[in-house]
Amino acid sequence: MFYYFIRKLLFLLEPEKAHFLTLKYLNIKNIQFFDFFFYKTIILSKKIKCMGLIFDNKLGTAAGIDKNGEYIDALSKLGFGFIEVGTVTPLPQVGNPKPRMFRIVSMEGIINRMGFNNLGIDNLIRNIKKSNFKGIIGVNIGKNKSTSLENSVDDYLICIEKIYCYAGYIAINISSPNTTNLRNLQYGILFKKLLYKIKKKQKELHKKYLKYVPIAIKISPDLSIKELVDISKQLIRYKIDAVIATNTTLDHSSLFGLKNSSEQGGLSGLPLQKKSTNTISILSKSLQKKIPIIGVGGINSINSAKEKIESGATLIQIYSGLVYHGPKLIKKIINHI
């Protein structure tokens, strides 16, 4: 009940501002009042192996909550089994003009067109070095807006090279709808070229550092069955370590007539649940358990978390559900899956 009171106050603010203030508050140490309401519930130990790594539990943060790795320690206190930071790019960039995030409150949805706003990969590395979290940190990487699609692989390779020694796993974001033509990297020759080069770089760095860092590809929920089958074949062919399903959707049809429904950008939250879960089901069949799936999109309850896992996800992630239901949702999910 306490969180829903706080939520009413937060929802009076512009969404991006509310997000910033919430994380800043989380980052303040030694607040006994805050600890009582948010950290009190005991979380069961449920370790699981995925991508060759041991996760404390199946639930992690989705990319976007902590773009620059400034709140790793604070988020870890909430009980997450892993933290995924980013999306970060080789160089800092401001992203798209504000306002660029909008709530669809009646549907528990969020539309965003952030545009990979971040302080760059070097800043993220400094923040990871400063953190005390001993669990798994995934690093989600993307390309700079100024980098052409033809040269985009270079941006991913730069980020992989720099972050390799500091990441538990690396997530390749080629599915954000808010960077022009980025989703084209999911298709044909561009996709094959990307997979070949990042796998080659991974092998080089594995040999150099004697450390294997898994690589996951994050895909769109707006792909057809045929496209998902084709993607699955290439993921298997190039021995990619995992697939993250899914990013936000451009399909706003479920929001017809609602406030903010006409805003451009990717839709996340509850309206994405069915679409992302369906994508997981198709991937699960086409991947034949050769590559694990990390499920994300619309998880707002124990049941929706279970749906992702029953559809084939090994790990799951949340973001919008946390906005609408608060930190206690984390503990409920972990203790019941």
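Every residue gets a Cβ built from N, Cα and C, even glycine.
Swiss-Prot annotations:
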- Ala63, Gly64, Ile65, Asp66, Lys67, Thr87, Asn140, Asn173, Lys218, Thr246, Gly269, Gly298, Tyr319, Ser320: FMN binding site (BINDING)
- Lys67, Asn112, Arg113, Met114, Gly115, Phe116, Asn173, Asn178, Asn247, Thr248: substrate binding site (BINDING)
- Ser176: active site, nucleophile (ACT_SITE)
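DSSP assigns Ala63 (FMN binding site) to coil in the three-state reduction, placing it in neither a helix nor a strand. Between the farthest pair of Cα atoms in the substrate binding residues (Lys67, Asn112, Arg113, Met114, Gly115, Phe116, Asn173, Asn178, Asn247, Thr248), the distance is 16 Å.
Most Cβ neighbours within 10 Å among the binding-site residues Ala63, Ile65: this distinction goes to Ala63. Reduced to three states, the DSSP call for Asn173 (substrate binding site) is strand.
Residue pair Arg113 (substrate binding site) / the residue listed as 'active site, nucleophile' shows a Cα separation of 9 Å.
Put simply, Asn247 (substrate binding site) is 11 Å from Tyr319 (FMN binding site) when counted between their Cα atoms. Sitting within 8 Å of the Cβ centre of Lys67, Asn112, Arg113, Met114, Gly115, Phe116, Asn173, Asn178, Asn247, Thr248, and not among those site residues for substrate, are the Cβ atoms of Gly64, Thr87, Gly95, Ser176, Pro177, Thr179, Gly265, Gly266. The least crowded of the binding-site residues Gly115, Gly269, judged by other CB atoms within 10 A of its own CB, is Gly115. In terms of C-alpha distance, the listed recorded positions Gly115, Asn173, Ser176 place Asn173 closest to Lys218 (FMN binding site).
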